[in-house]
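Q: So TrEMBL lists the following for this protein:
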REPEAT    140-168  repeat 'NHL'
REPEAT    311-341  repeat 'NHL'
TRANSMEM  572-591  transmembrane segment
TRANSMEM  642-661  transmembrane segment
TRANSMEM  707-726  transmembrane segment
TRANSMEM  733-760  transmembrane segment
TRANSMEM  766-788  transmembrane segment
TRANSMEM  809-833  transmembrane segment
TRANSMEM  839-868  transmembrane segment
């Protein structure tokens, strides 16, 4: 540091200026506040003076923010150079990411490697970017990030794909998994919600999507209208920041709305922005490849240039949790580490500011120490006199009373009992005070005896609760035994229902990401109280009928709450679960056998929804049959919800089966099925005859019309022959299919969906033929239309480029365009009719899938629990004032607020295998117009042909 006389004078002048502003503003505020509140007007102060003062104050605040930022940061503080681990064989380093533990992930240009480095630059691991089982099939990562689960994700611009490295595989080295195809991914990141962000350079979009446990993409969204997005990083507000090539840096909110651009907000001109990142303070850092600088854009104040020299071609940037800045310099092929915020700036405070902070901390701690919260169980209100045992939470200045130990007792035995309870429950249970419930006036001997107990059980403060004569409430006081100047604390006595608190589970607030610090502190305090009561379950197993030396009063003092039926079911569930586990292991072994992996069986298993539902239910049975105890409330509720869902599903299936086999309904259904199929075929024949004529007065191409009509009529003839060939076996097939209803109503509904798909297979074939023919003509017409305009589609760059054609190419193109254009109406009419029929079948199957998904995912046990015992699912608590008098403790009653129905369903909803439509309405209409095949109940990554 510079300790010259001139520098010292400048420092003194700066501190004196800031201190003068502080004193002047405080003095003016103290003078103006009573004057403005006592008179009606504003005296001689004009409106112009108010606006002028407001503008000057705003400008002054901006200047103070700039001074603070310039004092906090330092420029060009290079501390380390980390060379490229791949050496000079490939290009320079381009992508960089820094994890929370300080590890650095680096990629280089044209290098099929991802290197994991320590904070000091040592290589920890090198991941080869090669597909498993394909030695020559490598890919080149452009940028790198780490997901919330700790897996490495890279953007592959050459192959247009996003890869995730899965270390948890059967292979010892792990494997790369392609999770999604993207046009030309350039940058990649992970936002605050755990979603993966991908900057699509050619299409000018930023894609965001979640990744489930099976590496399938969910909740896909895109932000369009970007000019060459390069790097992307999470923003402090839950959104993301993206840099545009030779353009701007834009900030988006969590709802994918444009918040601002840095050039317009800060008035800063970029050359070619490259890497972007966000530091721990929420400031945005941008590397400028053209200007060879790194600028910091704080939330308040002007931009600060952190790096102005020693960079040749900066690419990616990353910030560590320790305050270091990592810049990938592709020009010098190394990673440069800067320290923009030295430690001295964090501790450089004036003595006056330090004194004010210390006084504020002392004042807040003094106020907190003056209030003592005592949580007293309402079940102990009629207990005999004794001592109070519970837990003292010193951080919150609270005491949670768990039980009352009655007289007579031996203090040594009480201490031994509490130490045993503390060893088992891991809860620091101790004697907190005394409890007096004498029906007469409090005797002096009893009072002296209770005070003497405080010397035996040393606890500070000693809580004394006693009954006020024949009153409804009790007096509460504290005794400071080891204090030189003991004084009475302000006490809040809170009554709570011990049974409900112990059996309930306090759910965390749903908006924890946006909640304030005050709400978070309240939630942690309530959580500590609920955990204390829940973990002290062994304390409540002792009732008054036990012959032990210690008598307790708590919510189970009159007898431990239990059910004979529940206990018998617990005993019977052990061998049942063992038998079920054995059967499931055999079934799983058969399912994993190689026989099912051959073509016919594997094809049927992947296409039939019945097989998918059976596999889903097998997973549910494996979850509930495992003999491992649930680790937390979420796992317990999940097992209970699955068990109740299975029971209700099987019960509904048995009811359906009993209805089908009563009064020979299977035979009536078989007799009705063949005439219905014939009637549908006849209606299709009439429809085709109508299309082969002049439908709705339209003039069609007769030759093509006749060819298509006869082609489809021949298919209907084959379908009718197939139905009549199978008619003798229909009743027997339905009879055996009806037995599958005993596996559950969802299995029966899936079988119904598969039967509908088989019975309408000819409609599906008509739709595929018409869609393929129509799609071929649409794409042919669009390609020939570009030929007319002297354009062509560039496959590599995914864009339309100019092209020159000769006369022969133009003549052939004109001829083909004319032929396709005049044949398009005939093809479009057939495509429209069969698409409408296909959509009708898809809607029916979709309704069946939605019903199956509702039965599979609805948390029935949680809903029943919410209806019968809503306090078991607690969202929070509310306090009702019982008595508030001067000089007496404030008495409150704590009541549990149950979760709402929507929160119960959202929290405990079970995952399903069903695939909801991934396309938006606009994308669906576009596919219908272009003639692309529609599979609304399949993932986008599934093969559709």
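Using N, Cα and C of the backbone, Cβ positions are placed for all residues, glycine too.
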Q: Would you list the DSSP helix, strand and coil counts for the residues of the repeat 'NHL' (311-341)?
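A: Counts, helix then strand then coil: 0 helix, 16 strand, 15 coil.
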Q: Do the transmembrane segment (642-661) and the transmembrane segment (839-868) share at least 3 Cβ pairs closer than 8 Å, excluding pairs fewer than 6 residues apart in sequence?
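A: Contact between the transmembrane segment (839-868) and the transmembrane segment (642-661): present, because at least 3 Cβ pairs are under 8 Å.
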Q: Counting CB pairs under 8 Å, which listed stretch among 707-726, 766-788, 809-833, 839-868 touches the transmembrane segment (733-760) the most?
A: 839-868
Q: Counting only residues 6 or more past its boundaries, what in the same chain has a CB within less than 8 Å of a CB in the transmembrane segment (707-726)?
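A: Long-range Cβ neighbours of the transmembrane segment (707-726): 674, 677-678, 681, 684-685, 688-689, 691-692, 761-762, 765-766, 769, 826-827, 830.
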Q: Calculate the per-residue pLDDT averaged over the repeat 'NHL' (140-168) and state the result as an integer.
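A: Its mean pLDDT is 89.
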Q: Report, as numbers and ranges, which residues of the same chain sit near the transmembrane segment (839-868): CB under 8 Å and 6 or more residues beyond its ends.
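A: For the transmembrane segment (839-868), the nonlocal Cβ contacts are 609, 613, 616, 637, 640-641, 643-645, 648-649, 745-746, 749-750, 752-753, 756-757, 760, 763-764, 898-899, 901, 904-905, 907-914, 934, 936-937.
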Q: Please work out the helix, strand and coil residue numbers for the repeat 'NHL' (140-168) from the DSSP assignment.
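A: Secondary-structure breakdown of the repeat 'NHL' (140-168): 0 helix, 17 strand, 12 coil.
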